[in-house]
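Taken verbatim from TrEMBL:
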{"type": "DOMAIN", "residues": "5-45", "note": "domain 'Beta/gamma crystallin 'Greek key''"}
{"type": "DOMAIN", "residues": "46-92", "note": "domain 'Beta/gamma crystallin 'Greek key''"}
{"type": "DOMAIN", "residues": "99-140", "note": "domain 'Beta/gamma crystallin 'Greek key''"}
{"type": "DOMAIN", "residues": "141-189", "note": "domain 'Beta/gamma crystallin 'Greek key''"}
Amino acid sequence: ASSFPSLTLWDEEDFQGRRCRLLSDCANASERGALRRVRSVKVENSAWVAYEYPDFQGQQFILEKGDYPCCGAWSGSSGHHSNQLLSFRPVLCANHRDSCVTLFEGENFQGCKFELSDDYPSLPSMGWASKDVGSLKVNSGAWVAYQYPGYRGYQYVLEQDRHSGEFHTYSEFSTQAHTRQLQSIRRVQH
C-alpha cells in the first residue's frame, strides 16, 4: 500500500455523480474536476482535514481512512453540520508512537497545564479542572480536539507541523474557533 495521501470526492451522496481524486492540498474543489459541491468522500490513504469553505476556511472536519457517504458521516455528533465540503488538505505527522500535547488553562502557555500522550474522551473526568483551554503545544503528532466530552461538538485539528505546534490562543485552533471550551481530545488515526 502506498503511503501517499489520497482521497476521492463525489458531488452526490453515496459516491454518485462526478468524481475527483486528490493527492495533495486543494483550496477549492469546485474548481477541480468540475465539482459544484462535495457530498461524499472516500479516504484511501492518510488522514485529511476538510473545510466547509474554499481556501481552508470555515469549520474543520477530520476525515480518516474510510467512507463518508453523506454529510452526516463527516459531521457525526459535531455541534455544526455542513452539507458540503470545499477545501481539503492532508494531515501532517499523524504518528501515534510519539504523540504528545500539552494543554494550558491560560493564553500564551500560562496557568495550569496538562500533558497528554493518549486519547481522552473526557478531559474533566481525567483531572482537567476547567472546561476551557486557553493555549496548547503539540509536542509531536497530530490531534483532533472537541468542544464537548465524547468527541462531540466543534472539531479542531492540531498538528505539530503547523504553527510549530504552538497555539497561543484558542482563536489559532481554527478560523472558526468560537470558544475556548475543549473537553475531549484524541490522536488522529493515520
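Cβ coordinates come from backbone N, Cα and C, glycine included.
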Checked against DSSP, the composition of the domain 'Beta/gamma crystallin 'Greek key'' (46-92) is 5 helix, 20 strand, 22 coil
Suppose you look only at the domain 'Beta/gamma crystallin 'Greek key'' (46-92); what would the mean pLDDT be? 86
DSSP residue counts for the domain 'Beta/gamma crystallin 'Greek key'' (99-140), split into helix, strand and coil: 6 helix, 17 strand, 19 coil
